[in-house]
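What Swiss-Prot annotates here:
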type	residues	note
BINDING	32, 220, 245, 246, 278	substrate binding site
BINDING	34, 36, 66, 67	K(+) binding site
BINDING	34, 35, 36, 37, 73, 156	ATP binding site
BINDING	222, 246	Mg(2+) binding site
SITE	220	site 'Transition state stabilizer'
């Protein structure tokens, strides 16, 4: 059974009910909507289509809204055509938005472009395809020397590696998009270009103000500043997306894999979800099979301990969206089989919290008894994630009375969530847990299961692990 979850970006190729149903069958767990593209009518229809499929088939999936985020882009060029730049030539960026660009100058969207940069800084355009070095700053213009040949287009992203940028965490478009997400009841927001703790706090306050206090925030780490402030960002977030695309432009490409491993490790320790994203099966946008390197990359992220792996263009606009999900699911299943439990987490001398100690003990017991299932009663999802932290061989069945928690746990590795009407007592939980275990086919008659619970209210009081035979 596949334990690692798959996030699929849904676009024109995959938005129909028929395709969404096939994607769920193939292994999709979370639908990602990329708000850098599309309008509210399109995204609203995609959400409706997925909900229709779920209500017809009983399948479970969560919805993730990915913000455009505060970014710098090039503006207009003459005739809207790309211009060819040559290595060694001089090229100018201006903050005067009325300028129509050519092969010597282009306007950018960011007012503070001239004040944030200094001579000697690097400017990268279009995911780093064109590099330039700042040679002078004059008024509202930044004059650069072009470092390599390339074609510059309109609306292309501009990165300033190693430069601290004074952009707000939420652009005006993001604020409107988040309100739309609150109205639609999405489960997660993936917040782009998070640089510091206050960015996350600002987004959380905006969500709360519009009825989205239950929406979980997944912070995307895409630059050096985000890496430098990673610990404080993690503390303020519900999860992290390792956004390797922009990150690989902002920091040296050979550093990306080490940043990935560091972030995944810290997320596991903090019991926060982590998604590994970007270019995972990139060649499948055009080809029916991935490269061997891509297959290895997906497996490597899973071995690192990621909760989920993500498809972007592969499932949104590629030629082989279904094949991409199927192949990714196959790699997940194969790699999940060799993952061993990690009971040595917290070998540091830190004292365990009660919940963590009980959950660790439950995993250890399940391993020793070869139990196929650990059943957890959870209100907000923390207990289920505390069990997941130790990578049990057993599947984690999370029973919750909270519909939001049931959907959000869809993103956690190895967790199957089940919404139940009510749990009135510990005995009630044991009875319910056994019933669901058998009905779902996750365990058979005669199997040993470990059950984890606590005081029924309030949440956060897990204190009991017990062993039962079905």
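Glycine is treated like the rest: Cβ placed from N, Cα and C.
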How big is the Cα-to-Cα gap, in Å, between residue 246 (substrate binding site) and residue 37 (ATP binding site)?
17
Return the count of C-beta atoms lying within 10 angstroms of the C-beta of residue 32 (substrate binding site), excluding that atom itself.
25
In the structure shown, which of the binding-site residues 34, 36, 67, 278 has the fewest Cβ neighbours within 10 Å?
36
Looking at the binding-site residues 37, 73, 156, 220, which sits with the largest number of other Cβ atoms within 10 Å of its Cβ?
220
Between the Cα atoms of residue 34 (K(+) binding site) and residue 156 (ATP binding site), find the distance and write it as a whole number of Å.
17
Here's one to test understanding: among the binding-site residues 35, 37, 222, 245, 278, whose C-alpha is closest in space to the C-alpha of residue 66 (K(+) binding site)?
35
Do you know offhand how many angstrom separate residue 37 (ATP binding site) and residue 67 (K(+) binding site) by C-alpha?
10
For residue 246 (substrate binding site), the number of other Cβ atoms found within 10 Å of its own Cβ:
22
Whose Cβ lies within 8 Å of the mean position of the Cβ atoms of 34, 36, 66, 67, the K(+) site, other than those residues?
33, 35, 37, 65, 68, 69, 190, 192
Taking Cα atoms as reference points, rank the binding-site residues 222, 245, 278 by distance from residue 156 (ATP binding site) and give the first.
245
Between residue 32 (substrate binding site) and residue 67 (K(+) binding site), find the distance joining the two CA atoms and give it rounded to the nearest Å.
10
Can you tell me how far the Cα of residue 36 (K(+) binding site) sits from the Cα of residue 220 (substrate binding site), in Å?
14
Alpha-carbon spacing, residue 278 (substrate binding site) to residue 73 (ATP binding site), which is rounded to whole Å:
20
